[in-house]
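Reviewing the structure listed below.
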Amino acid sequence: AALQVLSAPNLLRVGSNENIFVESQDHVGGPLNVKIMVKNHPTQSKELASKSVVLDQANNFQAMTQLVIQRGPLVDDPKQKQYVVLQAQFPDRLLEKVVLVSFQSGYIFIQTDKTIYTPASTVHYRVFSMTPGLEPLTREIFEDQEVAKNKEIAVSVEIMTPENITIFREIVNPDKGVKSGQFKLPDIVSFGTWHVVTRFQSTPQKTFSSEFEVKEYVLPSFEVSLTPAKAFFYVDDNDLTVDITARYLYGKEVTGTGYVVFGVITTESEKKSFPASLQRVEIKDGKGVACLKKEHITQTFPKIHDLVKQSIFVSVSVLTEGGGEMVEAEKRGIQIVTSPYSILFKRTPKYFKPGMPFDVSVYITNPDNSPAIGVEVEVTPDHAKGVTRANGFAKIPLNTVASATELVITVKTKDPGDPRQQTGGGTMKALPYRTSTKNFLHVGVDSNELKIGDPIKIDLNLGPTTIPNHDLTYMFLSRGQLVKVGRFKRQGNALVTLSVPVSKELLPSFRIVAYYHVGAADLVADSVWVDIKVSCMGSLKVTSTRPKASYEPRRAFSLTITGDPGAKVGLVAVDKGVYVLNSKHRLTQTKIWDTIEKHDTGCTAGGGADNMGVFYDAGLVFETNTAKGTGIRTDPSCPVSSRRRRAVTISDVITSMASKYHGLAKECCVDGMRDNTMGYTCDRRAQYISDGDVCVQAFLVCCTEMASKKIESKQDALLLSRSEEDDDDDAYMRSEDIVSRSQFPESWMWEDTNLPECPAQNKHCESTSVIRNNFLKDSITTWQITAISLSKTHGICVADPFEMIVLKEFFIDLKLPYSAVRNEQLEVKAILHNYSEDPIIVRVELMENGEVCSSASKKGKYRQEVNMDPMSTRVVPYVIIPMKLGLHSIEVKASVKNSGSNDGVKRDLRVVAEGVLVKKETNVLLNPVKHGGEQTSHIPSGVPRNQVPNSDADTLISVTAGEQTSVLVEQAISGDSLGSLIVQPVGCGEQNMIYMTLPVIATHYLDNTKKWEDIGLDKRNTAIKYINIGYQRQLAYRKEDGSYAAWVSRQSSTWLTAYVVKVFAMSSTLISVQENVLCTAVKWLILNTQQPDGIFNEFAPVIHAEMTGNVRGSDNDASMTAFVLIAMQEASSVCEQSVNSLPGSMAKAVAYLEKRLPHLTNPYAVAMTSYALANAGKLNKETLLKFASPQLDHWPVPGGYQYTLEATSYALLALVKVKAFEEAGPIVRWLNKQKKVGGGYGSTQSTIMVFQAVAEYWSHVKDLKDFDLNINLEVAGRASVTKWSINNKNQFHTRTDKVNSIDKDLTVKASGNGEATLSVVTLYYALPEEKDSDCESFDLSVTLTKMDKTSHEDAKESFMLTIEVLYKNSERDATMSILDIGLLTGFIVDTDDLNQLSKGRERYIEKFEMDKVLSERGSLILYLDKVSHKLEDRISFKIHRVQEVGVLQPAAVSVYEYYNQKRCVKFYHPQREGGTLSRLCLGDVCTCAEESCSMQKKGEPDVQRIDKACGAGLDYVYKATVVDSKLTTHTDTYTVKIDLVIKPGTDEGVEGKNRDFMGLAYCREALGLMQGKTYMIMGKSEDLHRVEDKGLLQYKYVLGEQTWIEYWPSQQECTSRDYREVCLGIDEFINQITTFGCPV
């Protein structure tokens, strides 16, 4: 017999192309016309899609056709599942299935140009929008023109802060599925993880998001990677080694020091270090090795077995050789194990076919969840063996016994490299496939992992069967869609082999389902799940057109992009340093497939418990004309366990350290006799000895009795420094000819390109190419170029990143902090790299910037000359003070002597105000319904007192609609108990109605609340059948006049007739109810039972009084009238036309009840009357609520619990009718808690009324979700009001506003219906709290003392540098710390002193860097094993001046713990206290004065006066008298009276007025200004500064290096011989300037 089949995915997507399959297997005869339809569920009142197909010989009586399900009446409510009815109308029968639907329109993937951003930078994003079939979402892909025309393809893009405030939103229309956009981050932002949230405009409830990080950072110049020797630590292991690799981003190896610590991450995700594991590792040529020993663990955790299943982390901080930079890395997931492997039966079916092969597919992982490769596996019962492949899988076929009732599989692993024989095991149980005919089918695939283009060899083993020839159908499913189907006829053979190539549609994995049928009832099926190697459906590759090992900055290059013809390709080039900081948020092909695989409808590895289980587990609905069909899927997602992922974080704080020394007492004595430069007592020195009492005693005895002898050593000076012009200028390239590198984008090449279609002569080409020409940026790094394509035929493809190394043989790496605080001194480092094979001499120049005080200020540049070894790195430090807010460039140029090699770097330093970013958040819940329909909220600004003056501040405002509406929607009563109400009506006219009520109210309730799945979606057809039976049976008790009684012979009952009207009116939407049947009953009630005053009387009470509720109780006149009136009201929509007297009759009844209501005493009658009046629009809510319980949640009726239920239900209906949902909520909650009896509520009336009331409530609150919320935002000082309107269509979009200040009061007014949250986030800079120092962790003091005599043969002067450091912690000493000591230019360090400090028992420093002559370093690095927290540690050594330098810049000393790079910095200088650069300050406005002193001119010839007064840049010439002076340790201020303006300058009208002139304290002697004396002062415009003081603009004069100061003798002095010539010269000069001006 033929088998007719309807099959489709068991989760259908609305609005997308879906493949539906129909066939007739073993069909004999002519063509078949089949109509496929999709209708709404449960009523099937609307057709949502349809298509007709013809099954014939040509298509093998099979057809797979595409349908697009229209949205129609479907509502995408996340809390409510939606179903459709899928039908296939064959000529002789209808096949139908209820199918769950999804509103997933497709996929959106988001690429950002980077993974991490700084404030004020620009985020570039690219949106890729696709259909579920991975085609670009365009209108062209839909066959149906009407569908295509109406298809919404727009995508909304939102940028959300870590507080989930949307601060940017736009709607984009992707072109060919791709659209780029950008967003500039504000200057003041919240740090943390931000989100790009996208959604299809057609289904805004479904979001797709991508993340990026925002923080303040500087890109590192090298990366550190950690490779453990093993992925686990076995409890019996003695050690674990970790290889450290440090490599510059441009590929060269790093030399330096690594600080390593190991620890464990506990089960509570808490990190605990092993203090004993702290170690310093030498990194040479980019490599180092760290070692964790078992005793390191057991010193902290004696019972190592307690740590099993917890994971070890290793944290490494690598400091470059010259101390120029430190980079951190961490490796996690090294599990402590008793067995090294985990065994998962990941793709092994749960069911086997007795007597047929069974494929065991095991996945073996290391403890870090990575695949374990090459592990030997043994499987019992067969003792079959296998070995895991590169993906960690091993596939082992087992033979099964035909009589087996279960299959217990045990897998054991063996590690040949491990002496412990057995390393792990796992067990699973498989059950037999259920079949009534003993027919089986086994589908086997030869490979565990395939790639596109590979042939799949599919073995179909049918085993012994009595039917020799029959059709066998196979289907391929991937990504939740039917992809291809086929069929062949079996010709008696038991094994059939198919070979099908793997096509792109099957990525990333697919299922093969095969089946045949035996006779009418048995269908035999099997399936298998097959994984495909992660790859693109098509191809995309980026290569260099002319490949090279490395490229130079700014040079031209050419890329070839090859991929799928016609694809759109998005490009971006990213500095590899970005991924060193954050590689988490990159869009990769694996991430894409992971997302898509989540939407796979199949849930198991293959097979099934029985034939329909095979289809269901594979993700299919399957219905046939003979065999039973699949169950109905009710959950869109599979019950899968989540995959654990490895996380990477920065190093955590190390809390303690341990350091032990061993030595002989004799050595201790020798050490005690050594000289000590710190001047410590013997007792204090002995505190540094940790060799035990024996050593301490020996040390003290020798120290106190012996004198020491100084040992001096010689050291050559190679550091040469000049600030003046060099004699050998010709040997260097002029700095003006060096063009500095200044373009250092972290990403660029953000562009889209289209690959050409195939050429006409080769229309089926596999790929096409395009060439892009460009110029490299200025960075020395590795650029990673990522390309992502989207093709209409091959979907989305992320190419492997293409790397371009950019490098020069000699270059500068200028290290600047992310930001610097205005007026705070800091050190920046220029790192010189020499990658040539020769030693070089380099001239380095710091260029002047007027806004930054440095040694280059007022001189144009500051020069140094340094020697460099081959293949070496050199640090040149500079001390600067930024003077103004904003971005200011720091430029360093360098050229190699007698060579063309040179480089220049110009980077911007961000100068910020003093202050800390503060964030304050306020949330206001807007729910106007709870505030009488209108809500007003005031949010005062409250300007903080500590805000930094004139600094940026922002207020971000956002409004997000709540998921719920203003009313808390109560859950409907669970439908699971209603199954027992679906019964077949029987009995007399009254009993029949009792029973008919049950399926009617169950169907009414489950239809309204969409809860059919609680009792079974297929039960609705049964319920409808029973309602029809009840209806037909009741007609037998209908009298000719339309009335009803228990028997036709009995007198008609008013109540029963009214009840029939009520139930039939309710049924009329479910079955066909004749209008005259309903309306003649209504007419009978009006004509025969209603009295002139409107009351309805009962003349023949029903026999089954229990079915009427409390209608016969007190106030029964009102109860009966209300009951009949309600029945009429419910039937009025059907009967108004045919029963003319109906409106008048209802009006009379309403009038009677209105009059009667105030006098009623029975709560039951009040509730029922209230509902009848509510239907007429005349509810008196006050009266109704008066009879409620104190909690206002139910209406107690004396005499029966069922009456209370019924009365409460009528009250609920009345309140719902007038939309009083606030009051209705507690009532539903109360009803929900009441105990049901057999699915109902004890009596007919209480059951029908409770379910009717709750259904009515639910259907109304559903409509409440139509938001209608209006919000007005008023900002103080802003003329316009911002207005937002939230409705159902736009409720998922966030509204935002921004106020560029924090001193504006906000007023929010909300009206209408709905709930929303208003969030206000205020960001501003607060003044830091007063503190003596920025040093949070250390106290540091640096003093430089000149020695009486030199102690080095080349020294011009010798100094003792003393550094005292204390760790500011009350509990512990600092662990391994680094003291970075900058050296003054022209000075060398005394290495004998350093050797003494670092050797012997009493080591004050653990190590110092002296691989080369020390003066070749920019700084001296001292490594300290600890820093005391009780007593200041002192380190003293001599430094010698061996070279005279024109301008000597201060040097910096910094100290920090290796894991916390927040440094404590102090400066030193031979002449300046605190080593500060020279500045002159008035209030908070400062001027750089880093220059030589001006000398008072004495007896200068006239010509020099004229030259000076008329020279370039000279501003003024004054005769001035000093009237006052204020002298301080740093700045001297002279108040002078301007007696005569000889040459006027910028400062107008100054004659006769006082002005302040400022000079440096150490220039006091050179200036020689005395109070009461008069001077000629000439100054340049650059020494004149305009400042605001108390609101007044005034000029401040600086006595700088270029200022002319000459004593002006008094009249009396001019008569003396000493001054006569000077006075004549001055008179001549004044005459020349005032009469003739300056010579041209």
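Placed from the backbone N, Cα and C atoms, the Cβ positions cover glycine too.
The annotation N-linked glycosylation site is assigned in Swiss-Prot to ASN164. Taking a C-beta cut-off of under 8 Å and a sequence gap of six or more, ASN164 (N-linked glycosylation site) has these contacts in its own chain: HIS195, THR960. Under the three-state DSSP scheme, ASN164 (N-linked glycosylation site) falls in the coil class.
For CYS638 (disulfide bond), the count of additional Cβ atoms within 10 Å of its Cβ stands at 13 [all protein chains shown]. According to Swiss-Prot, the feature disulfide bond maps to CYS603-CYS638 (among others), an assignment based on similarity to another entry.
Annotation source Swiss-Prot lists disulfide bond at CYS668-CYS695 (among others), citing similarity to another entry. The Cβ of CYS695 (disulfide bond) has 25 neighbouring Cβ atoms from other residues within 10 Å, across all protein chains displayed.
What Swiss-Prot records for 668-703 is domain 'Anaphylatoxin-like', and it gives sequence analysis as the kind of evidence.
As annotated by Swiss-Prot, disulfide bond applies to CYS669-CYS702 (among others), with the evidence given as similarity to another entry.
The Cβ of CYS703 (disulfide bond) has 22 neighbouring Cβ atoms from other residues within 10 Å, across all protein chains displayed. Look at Swiss-Prot and you will find CYS682-CYS703 (among others) tagged as disulfide bond.
The feature disulfide bond is assigned by Swiss-Prot to CYS853-CYS1488 (among others), with similarity to another entry given as support. On its own chain, CYS1488 (disulfide bond) has VAL852, CYS853, SER854, SER857, LYS858, ILE881, MET883, LEU1477, SER1478, ARG1479 as residues at least 6 apart in sequence with a Cβ closer than 8 Å to its own Cβ.
CYS1079 (disulfide bond) carries a helical DSSP state (H, G or I). Same-chain residues at least 6 positions away in sequence with a Cβ under 8 Å from that of CYS1079 (disulfide bond) are, in sequence order, GLY1042, ALA1131, VAL1134, CYS1135, SER1138, VAL1139. Summarising the annotation, Swiss-Prot assigns disulfide bond to CYS1079-CYS1135 (among others) and lists similarity to another entry as the type of evidence.
A strand conformation is recorded for CYS1464 (disulfide bond) in the three-state DSSP classification. Residues annotated as disulfide bond in Swiss-Prot, with similarity to another entry given as evidence: CYS1335-CYS1464 (among others).
For CYS1481-CYS1486 (among others), the entry in Swiss-Prot reads disulfide bond, with the evidence type similarity to another entry.
Marked as disulfide bond by Swiss-Prot: CYS1493-CYS1563 (among others). CYS1493 (disulfide bond) falls within neither a helix nor a strand when secondary structure is assigned with DSSP, and so counts as coil.
Look at Swiss-Prot and you will find 1493-1638 tagged as domain 'NTR'.
If you look up Swiss-Prot, you'll see CYS1510-CYS1638 (among others) marked as disulfide bond, on the strength of similarity to another entry. Look at CYS1638 (disulfide bond): DSSP puts it in coil. There are 13 other Cβ atoms within 10 Å of the Cβ belonging to CYS1638 (disulfide bond).
For the recorded site, CYS1614 (disulfide bond), the DSSP three-state label reads helix. A simple way to gauge crowding: the CB of CYS1614 (disulfide bond) has 17 other CB atoms within 10 angstroms, across all the protein chains here. Look at Swiss-Prot and you will find CYS1614-CYS1623 (among others) tagged as disulfide bond.
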Among CYS668, CYS1335, CYS1493, CYS1510, the most crowded of the disulfide-bonded residues [Cβ within 10 Å]: CYS668
Residues near CYS1623 (disulfide bond) in space but at least six apart in sequence (CB under 8 A): PRO1609, GLU1613, CYS1614
Cα proximity to CYS603 (disulfide bond), best match among disulfide-bonded residues CYS682, CYS1464, CYS1510: CYS1464
By Cα-Cα distance, the member of disulfide-bonded residues CYS668, CYS1335, CYS1493, CYS1638 nearest CYS638 (disulfide bond): CYS1335
Average pLDDT across the domain 'Anaphylatoxin-like' (668-703), rounded to a whole number: 68
Integer Cα-Cα distance in angstrom, CYS1493 (disulfide bond) to CYS1510 (disulfide bond): 22
Rounded Cα separation (Å) that holds between CYS668 (disulfide bond) and CYS703 (disulfide bond): 10
Rounded Cα-Cα span from CYS682 (disulfide bond) to CYS695 (disulfide bond), Å: 13
Assigned element (helix, strand, coil) containing CYS682 (disulfide bond), judged by DSSP: helix
Pairwise CA distance, CYS1464 (disulfide bond) versus CYS682 (disulfide bond), rounded so that it is a whole Å: 30
Three-class DSSP secondary structure - CYS638 (disulfide bond): coil
For CYS1623 (disulfide bond): DSSP state (helix, strand, coil): helix
Cα-nearest neighbour of CYS682 (disulfide bond) within the listed disulfide-bonded residues, CYS1335, CYS1510, CYS1563, CYS1638: CYS1335
Disulfide-bonded residues: CYS682, CYS853, CYS1563 - member with fewest neighbouring CB atoms within 10 Å: CYS682
Alpha-carbon spacing, CYS1563 (disulfide bond) to CYS703 (disulfide bond), which is rounded to whole Å: 47
